[in-house]
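**Student:** Input: one structure, supplied below.
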Amino acid sequence: MTRLSVNINKIATLRNSRGGNNPDLVQVAKDCESFGAQGITVHPRPDERHIRYNDVFDLKKIVTTEFNIEGNCQEQKFVDLVLASKPEQVTLVPDALGQITSNHGWDTIKNQDYLKEIIAVFKNAGIRVSIFVDPVVEMVEAAVTTGTDRIELYTEAYAHGYHTNREEAIAPYIKAAEAAHKSGLGINAGHDLDLDNLKYFADNIPALDEVSIGHALISDALYYGLENTIQMYLRQLS
Ligand SMILES: CC(=O)[C@@H](O)[C@H](O)COP(=O)(O)O
Ligand SMILES: NCC(=O)COP(=O)(O)O
């Protein structure tokens, strides 16, 4: 079974645009879960342009499914936040400062020693670790020796290529996922997954543990409503 974790960054973007508490991020997280989401994902960024560091503690108190915090572990503030809030899962993403959104995975060969060290910090605290990687077999193979529990396949390239040639777009992901599965790594995926491309991705990656979806899902909710939208995404995974 592939779990659906709803990324609620964009709810915080909307809230922050007026400075008040509408929409209420905590209530939205509770509602996502009651509508069927099997996890809640947030990606606090150093400028707190959407998720604020305080939001993480508020969410930790109420999330009853799986809480996944994504972010850049090269920021000490992020490491401290994760260790203090103890989510079920942390996803390490090599973001640069000021990046609009995540746009690449870890070079697990070049950063092998660093990753080993930081992953151990989270694992010693009892937090499952996933690392964001491009669909490249060498990067997946080197992820195994970092000690990570899972990888998250960065799916932007797949989403981009899906409408032109979906067989070609999925091919590197199948190979990367096979390498991960063979080595005992769990497999997550995310970035630009949507109602069009999700089913084909999940059908072709049978060992897929979890997808985290935010931008498209929250956008779809404007038309279909949040409850219907979550059900529609869940149907793509069943
Ligand atoms: C790690 C990842 O794939 C990102 O998609 C991210 O979580 C989204 O971040 P933004 O909402 O800031 O674009
Ligand atoms: N890890 C990916 C994520 O949480 C959401 O990405 P997106 O659906 O907002 O592109």
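Glycine too: its Cβ is placed from the backbone N, Cα and C atoms.
So TrEMBL says this about it:
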| type | residues | note |
| --- | --- | --- |
| ACT_SITE | His43 | active site, proton acceptor |
| ACT_SITE | Glu70 | active site, proton acceptor |
| ACT_SITE | His191 | active site, proton donor |
| BINDING | Asn7, Arg18, Asp192, Gly214, His215 | 3-amino-2-oxopropyl phosphate binding site |
| BINDING | Arg45, His50, Thr101 | 1-deoxy-D-xylulose 5-phosphate binding site |
| SITE | Glu152 | site 'Transition state stabilizer' |
**Student:** Rounded to an integer, what is the Cα-Cα distance in Å between Asp192 (3-amino-2-oxopropyl phosphate binding site) and Glu152 (site 'Transition state stabilizer')?
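**Tutor:** Cα-Cα distance, Asp192 (3-amino-2-oxopropyl phosphate binding site) to Glu152 (site 'Transition state stabilizer'): 13 Å.
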**Student:** Among the binding-site residues listed here (Asn7, Thr101), identify the one with the smallest other-Cβ count within 10 Å.
**Tutor:** Thr101
**Student:** Using Cα-Cα distances with a 10 Å cut-off, which of the recorded positions Arg18, Glu70, Glu152, Gly214 are near Thr101 (1-deoxy-D-xylulose 5-phosphate binding site)?
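**Tutor:** Within 10 Å Cα-Cα: none.
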**Student:** Starting from the 1-deoxy-D-xylulose 5-phosphate site formed by Arg45, His50, Thr101, give every other residue of that chain whose CB sits within 8 Å of the mean position of their CB atoms, in sequence order.
**Tutor:** Asn9, Thr13, His43, Arg49, Ile51, Ile100
**Student:** Given the binding-site residues Asn7, Arg45, His50, His215, return the subset with CB under 6 A from an atom of ligand 2, ordered by sequence, or none if empty.
**Tutor:** Asn7, His215
**Student:** Taking ligand 1 as the reference and 6 angstroms as the Cβ limit (strictly under), which recorded positions among Glu70, Thr101, Glu152, Asp192 are close?
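**Tutor:** Going through Glu70, Thr101, Glu152, Asp192 in sequence order, those close to ligand 1 turn out to be Glu70, Thr101.
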**Student:** At a 10 Å cut-off from the C-beta of Arg18 (3-amino-2-oxopropyl phosphate binding site), count the other C-beta atoms across all protein chains.
**Tutor:** 8
